[in-house]
Structures are given as C-alpha cells and as structure tokens.
Amino acid sequence: MSYRMSPSIFARHSSEIDWCEVNYLHSEYVAEYYNTFTNIAFLLVGPLMIYLLHPYACRRSLHVHLVWIMFIMIGLFSMYYHMTLSFFGQLLDEISILWVICLGYSIWLPQPYFPWFIKGRNKFGAAIFAIAVISTLMSFVKPTINAYVLNSITFHILYLLVKEIRKCNNRDIINLTLVSFCLWLVAISCWLSDRLFCNFWKNLNFCYLHSFWHIFICLAVAHINTVFAYFDAQYEIPQCTLELQYWPLRSLKFGLPYLIITKTKVSKKTC
Ligand SMILES: CCCCCCCC/C=C\CCCCCCCC(=O)N[C@@H](CO)[C@H](O)/C=C/CCCCCCCCCCCCC
Ligand SMILES: [Ca+2]
Ligand SMILES: [Zn+2]
C-alpha cells in the first residue's frame, strides 16, 4: 500500500496559482522577482499615508491608521507569496486584503448605507468583524476563487462612489475620484490580462503585468481611501472644513493625495 503525501501548505509552489512571470529567472531564492519587489510600493505608501492623514485621523479616529498598518502587512505577505508561491502565502495575501477592505468599510462607510437594523458605527463594526471572521474561514473552501470574489467587491465600492459623487460639489474631490477610477481601470486590466492571456504576453516576452498591477492598485487604493475619508468627514466631523492636498508636488496637484483641516467650528476632539 502506498500513501501519496499532500505537500505542506508552506511548500514552494503549493499554491494552485502561478502568475505569468517566469519563475526563478533572476534569483534561485525568489520565484517571481518583479512580482515580489514591486510590493515595496505598499511599504512606502502605507507609512506615508499614516503621516499625511494624521491630522484628519486625530479629528476623526486614530483607527484610520489601522487601515494603513494592515496595508503594509498586505505588502509584506504579498512579497512572501510571490517569493515562495506557497498556499500559505496565498492565503496570507488574500486574507490581509479581506481585512483591509473590512476595516475600510467599518471606518468609512457612510451611515446612510448601513442596513436598517444596524444602529451606530460600533454595531456596524461588530457586524463587519463577524463577516470578516466567517469570510476568512470560507477562504479555505475554494482558494482559486478568492481573488475574483475580492475583486468583485469593487462593484459595490463603485456604486458607493457614484451615489456620493452625485451629491458632491467639490471639484478637487470629483477629479480625485476620476483619477482613482482610471488608476483602478489600468490596475484591473493588468491583473486580468496576466491571469487570462499569459500565453499571449509570453509570446511577446513581456510577463510583468502583475507587477504593474501591484503599483497601480497601491496608488488606486491610496487615492480612493482619501476620497472616502473626505466623504466620511462630511458626515462624521461636519464642524471641520477639509482641503485636498498632494505630496510631494502640492502646486502641480500630483502625488499622494491627503486631507488637511483648514477650519474647525467647535474644537472637540484632537490628538
Ligand atoms: C467604504 C468603502 C471603503 C473602501 C476601502 C477600499 C480598501 C481597499 C483596500 C485594499 C485593497 C488592496 C489590494 C492590494 C492587493 C495587493 C496584493 C495582490 O496583488 N494580491 C494578488 C495576488 O498577488 C491577488 O490576486 C489580488 C486579489 C484581489 C484584490 C482585490 C482588491 C480590491 C481593491 C478595491 C479597490 C477599489 C478601487 C476603486 C477605485 C474606483
Ligand atoms: Ca510564475
Ligand atoms: Zn501579487
């Protein structure tokens, strides 16, 4: 009688997904070289956004920083995943994305969109936490569809954006939303193309689209989170007037977008 041992979840290539980039081309230790190192974008953008959004977070809630701390974790887990292509790495990558999205929703979803039976942000946060735990367990059931399910949440995010932008008369925020949408469109085109048309890209000797996805989705999320932080501030801290700025090229309106508080009617909560 012979037993076939199933590979450990930590083993290299135990993930069912192998991205288009050719493995071990540049290093014998790193499976997908460019897919691994482009995650540095998350390690740079995360701390910068914590710094830039600190004045807003002081007024609103320091929990905002949790989103960016988890965002940095996505970068680290994604590096480990592309370095090893292990099943464990894949799950860490996907589950950390799920938790960042859940954190984003629990902090920034405007209260008018809460289900009617949930009153208050704390109760909503608890419900989202329960959903995150259940979804984390469910992610083990059919791991190959996890990434598609995560990507499809974007449809709800787009729905929220359309509803909110219709009420918005701040030209800067409308432009920022359009730029976010364009960045996401480029990102998702790269992700899908790498997944679905790898043979085509291999024939052209250009297998790096997933690396481009890392850069564009990182920027899209930094942009869109600033848009949601702005909408949220209108609902939750209406006594504050916010202005959109960019780092490092403030005058050219180019770079990472963030919010500054220009006026406060009543001084309530601050760091
Ligand atoms: C009130 C709403 C708040 C919304 C907050 C939105 C927060 C989005 C947060 C994080 C998403 C980060 C995604 C980074 C992925 C990097 C790792 C990676 O590349 N993983 C892949 C494997 O390496 C994996 O296949 C990817 C899985 C799918 C990711 C789904 C991302 C959804 C992003 C939603 C962004 C919406 C932007 C909309 C702009 C109009
Ligand atoms: Ca590969
Ligand atoms: Zn990736």
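Here the Cβ of each residue, glycine as well, is placed from N, Cα and C on the backbone.
According to TrEMBL, the protein carries these features:
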type     : residues                          : note
BINDING  : Asp18, Trp19, Glu21, Asn23, Glu32 : Ca(2+) binding site
TRANSMEM : 33-53                             : transmembrane segment
TRANSMEM : 65-83                             : transmembrane segment
BINDING  : His82, His210, His214             : Zn(2+) binding site
TRANSMEM : 95-117                            : transmembrane segment
TRANSMEM : 124-141                           : transmembrane segment
TRANSMEM : 147-162                           : transmembrane segment
TRANSMEM : 174-192                           : transmembrane segment
TRANSMEM : 212-231                           : transmembrane segment
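Taking the Cα atom of each, Asn23 (Ca(2+) binding site) and His82 (Zn(2+) binding site) are about 10 angstrom apart.
Proximity to His210 (Zn(2+) binding site), judged by a C-alpha distance within 10 Å, picks out Trp19, Glu21 from the binding-site residues Asp18, Trp19, Glu21. Within the chain, the transmembrane segment (65-83) has long-range Cβ neighbours (under 8 A, six or more residues past its boundaries) at 15, 19, 29-32, 35-37, 39-43, 45-47, 49-50, 53-54, 57, 89-90, 92-93, 96-97, 99-100, 103-104, 107, 214, 218, 221, 225. Among the binding-site residues His82, His210, His214, no residue has its Cβ under 6 Å from any atom of ligand 2. Sequence-distant contacts of the transmembrane segment (33-53) (same chain, six or more residues past either end, CB-CB distance under 8 Å): 19, 21, 25-27, 64-65, 68-69, 71-72, 74-76, 78-79, 82-83, 208, 210-212, 214-215, 218-219, 222, 225-226, 229, 247, 256, 258-259. Counting every protein chain shown, 12 other Cβ atoms lie within 10 Å of the Cβ of Asp18 (Ca(2+) binding site).
For the binding-site residues listed here (Glu21, Glu32), the lowest count of other CB atoms within 10 A around the CB belongs to Glu21. Other residues of the chain with a Cβ within 8 Å of the Cβ centroid of Asp18, Trp19, Glu21, Asn23, Glu32, the Ca(2+) site, are Cys20, Val22, Ala31, Asn35, His82, Leu85, Cys207, His210. Excluding the listed site residues His82, His210, His214, the same chain places Trp19, Glu21, Glu32, Tyr34, Asn35, Thr36, Thr38, Asn39, Ser78, Ser211, Trp213 with Cβ atoms within 8 Å of the centre of the Zn(2+) site Cβ atoms. The Cβ of His214 (Zn(2+) binding site) has Asn35, Thr38, Asn39, Ala41, Phe42, Ser78 as same-chain neighbours under 8 Å, each 6 or more residues away in sequence. Tertiary neighbourhood of the transmembrane segment (212-231): same-chain residues 35, 38-39, 41-42, 45, 49, 53, 56, 60, 64, 67, 71, 75, 78, 104, 108, 110, 157, 160-161, 164, 168, 170, 173, 176-177, 179-180, 183-184, 186-188, 190-191, 194, 242, 244, 256-259, selected by CB-CB distance under 8 Å and a gap of 6+ residues from either end.
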